[in-house]
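Visitor: In case it's useful when we look at the structure, here is the feature table from TrEMBL:
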- 52, 53, 54, 55, 56, 96, 145, 192, 308, 309, 310, 318, 340: cyanocob(III)alamin binding site (BINDING)
- 65-107: disulfide bond (DISULFID)
């Protein structure tokens, strides 16, 4: 059964609202998003979490709020309970999810789309998640990982609650973003970082005065990049399974030759071409790009609380996805099936 498109539709509606459309074209889409939120949870009631993820579920709630639509209290309580019991994700996704959920809670409270008795609960939950995100900031300024940093800044006290932006934590996070702008190469990741670079959050979309907004959708002239002389590099590709039911830790360890500009996804494709009988993988399309879900026939499943962790040897987690990370010549990349 195909999963509900909760996150994809939510992002589309957020973008649509930012372009100041007439109300008629997207009314049906808002209705569909309400339907997806119910399907997302009902289809996985026995597991106690959405079919997609709490991240997508929170995005759906945020998009409805930005479009000034009420959210059923039962839907809100599902996220409040998950936040209270620490079930919003593993170490690689908690910051993203908490940030999205905190934005949704803050939006509902500010737009007065919930009853008075829920306001205090939403405020307390949002403040708790903001503290968690502050504690997740590393010495390099990055909060969680480079992709979760814009979300964290949107939801943190620095933007969503209007606290002065001279705070050192904010400055360090912004400096980290500026140093890693090349990581934001897809439309979805650009959409996350651009509001922060301009001192805004997705909450501002809800209060836009569309009559005053200029047309920002005029395309710029495209400049063709200079032609590069093709070169090759060799990457050592390692697959590990840290689960107790795996017979051995290291399942694959081979050098893979690829063009110098190849991404990790290109490395995986080259490994499949190089040894089709010994290496296989599969990805799932998400708004942030392809997500690795299967390697050597081993699937990462949310129900089993495992995922494919991406590392550069010996044990440094990658801050980018498979399509965005560009390994260097001689680097060893590890795909590790891990549990959260």
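One is the number of the first residue shown, and numbering goes on along the chain from there.
In case you wondered, yes, glycine gets a Cβ from its N, Cα and C as well.
Keep in mind that TrEMBL annotations are predicted by a computer and have not been checked by a curator.
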Visitor: Any idea which of the binding-site residues 52, 56, 145 has the thinnest Cβ neighbourhood at 10 Å?
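Guide: Each of the binding-site residues 52, 56, 145 was scored by Cβ atoms within 10 Å; lowest is 145.
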Visitor: Roughly how many Å separate the Cα of residue 56 (cyanocob(III)alamin binding site) from that of residue 65 (disulfide bond), to the nearest whole number?
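Guide: One finds 14 Å between the Cα atoms of these residues.
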Visitor: C-alpha of residue 310 (cyanocob(III)alamin binding site) to C-alpha of residue 65 (disulfide bond): distance in Å?
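Guide: On Cα coordinates alone, these residues lie 34 Å apart.
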Visitor: Roughly how many Å separate the Cα of residue 340 (cyanocob(III)alamin binding site) from that of residue 65 (disulfide bond), to the nearest whole number?
Guide: 31
Visitor: Among residues 52, 53, 54, 55, 56, 96, 145, 192, 308, 309, 310, 318, 340 annotated as binding cyanocob(III)alamin, what is the maximum Cα-Cα distance? Answer in Å.
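Guide: Farthest Cα pair among residues binding cyanocob(III)alamin: 25 Å.
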